[in-house]
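J.: Handing you this structure, nothing more for now.
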Amino acid sequence: METQANATMKKAVLGLNCVILAIGNCGGPLIMRLYFVRGGKRIWFSSWLETGGWPIIFIPLTVAYLNRLKTGGATTKTQFFSMKPRVFIISAAIGVLTGLDDYLYAYGVAKLPVSTSALIIATQLAFTAGFAFLLVKQKFTGYSINAIVLLTVGAVILGLHTSSDRPEGESNKEYLLGFFLTLAAAALYGLILPLVELMYLKAKQAITYTLVLEIQMVMCFFATAFCTVGMLINKDFQAISREAKEYELGEGKYYLVVVWSAIVWQCFFLGAIGVIFYSSSLLSAIIITVLLPVTEVLAVIFYHEKFQAEKGVSLFLSLWGFISYFYGEIKHNTNNKNVQNDSLQTELTQSREGSQMELTQTAAP
């Protein structure tokens, strides 16, 4: 009963992290695009906002610490942070990679429509699958390979049709650079997710959800520090007040967009790392991919973006790839369960036969 209750709780928390990830995954690109389409021009500042809300994580960490104080007793020494140096160093390194990924992604959103960048980011699933295979020994199936091919072809189709999708006043060179940097962002984050899972496996300390929050905070801190260096070099800090005054929606709404951007992006990173903890990096990538149609529809509604035929084909291929992969995972898990059940049934049968033989031998004169 206790094991069943723990499994139910695990599924509930996993579901909560999926919801948090969904909010960040759909809201993050939209609010970032709002910053750019209404007059924002600072790419380093925009990338800084993706992880700049890291102090928010102090709230759940403080709640967890106070809870440990109550349950730990007077004789138990309770520390606010449980992270060991090894995990801290690895988290910091992954954080720097995250900062680089933030910049690549922000540049793409600045140059591409949300619907286009979202479709390119869908290729992240393929990259995650590949790196998960190399780093955490994720097994491939025909379905996962099919998904990789479909997602890649979908991205190539977008790349071949740039003229009708290019925002007004933007050169073909800028568009293509945005396209390839967004693709690079998808590849890099496809590496980061399995790296986080590998860190969990090699941590050499008990991985709790509190520790997951600490890891997330360290990663976001170092990602923000990386982007802060870029802002200093680009003199973004001096330009923020001037940009706010010139913002189309007004100075007050400029800062509102900035604050909410930081909050919503924290939902994305917190949800992604939580899903990895309770499941796998691959499931995290799958959820990000399956939310693609939602982001597509919202971009068309809020920003009146064009939805050309090539986007429709790319979206179809992306969804086909996702369904293929997801179906393969369900079939694989079902087969594993059947094998386990057959093995258990065989063991029970052998146990019964052994018991009957013992009884027979005991009853014999």
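Each residue, glycine too, has its Cβ placed from N, Cα and C.
Quick paste from TrEMBL:
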- 12-31: transmembrane segment (TRANSMEM)
- 43-66: transmembrane segment (TRANSMEM)
- 87-106: transmembrane segment (TRANSMEM)
- 118-136: transmembrane segment (TRANSMEM)
- 143-163: transmembrane segment (TRANSMEM)
- 175-196: transmembrane segment (TRANSMEM)
- 208-234: transmembrane segment (TRANSMEM)
- 254-278: transmembrane segment (TRANSMEM)
- 285-303: transmembrane segment (TRANSMEM)
- 309-328: transmembrane segment (TRANSMEM)
J.: Within the same chain, where does the transmembrane segment (285-303) have neighbours whose Cβ lies under 8 angstroms from its own Cβ atoms, ignoring anything closer than 6 residues to its ends? I mean 6 or more beyond.
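T.: For the transmembrane segment (285-303), the sequence-distant neighbours (Cβ-Cβ under 8 Å, at least 6 residues beyond its ends) are 18, 21-22, 25-26, 29-30, 33, 37, 113-115, 118-119, 121-122, 124-125, 128-129, 151, 190, 193, 272, 275, 311, 315, 318-319, 321-322, 325-326, 329.
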J.: Which one of these stretches, 87-106, 118-136, 254-278, 309-328, has the most C-beta pairs shorter than 8 Å to the transmembrane segment (12-31)?
T.: 254-278
J.: Taking a Cβ cut-off under 8 Å, which residues six or more beyond the ends of the transmembrane segment (254-278) line up next to it in the same chain?
T.: 10, 13-14, 16-25, 27-28, 31-32, 34-35, 38, 40, 46, 49-54, 56-57, 98, 193, 196-197, 200, 207, 209, 212-213, 215-216, 219-220, 243-244, 247, 284, 287-288
J.: What residues in the same chain, six or more past the boundaries of the transmembrane segment (309-328), come closer than 8 Å to it by Cβ-Cβ distance?
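T.: Residues 115-116, 119, 122, 125-126, 129, 141-144, 146-151, 153-155, 157-158, 160-161, 165, 286, 289-290, 292-293, 296.
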J.: Using Cβ atoms and a strict cutoff of less than 8 Å, what residues sit near the transmembrane segment (118-136) while being 6 or more residues removed from its termini?
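T.: For the transmembrane segment (118-136), the sequence-distant neighbours (Cβ-Cβ under 8 Å, at least 6 residues beyond its ends) are 29, 105, 108, 112, 144, 147-148, 151-152, 154-155, 158, 179, 182-183, 185-187, 189-191, 193-195, 197-198, 201, 280-282, 284-286, 288-289, 292, 295-296, 299, 311, 314-315, 318, 321-322, 325.
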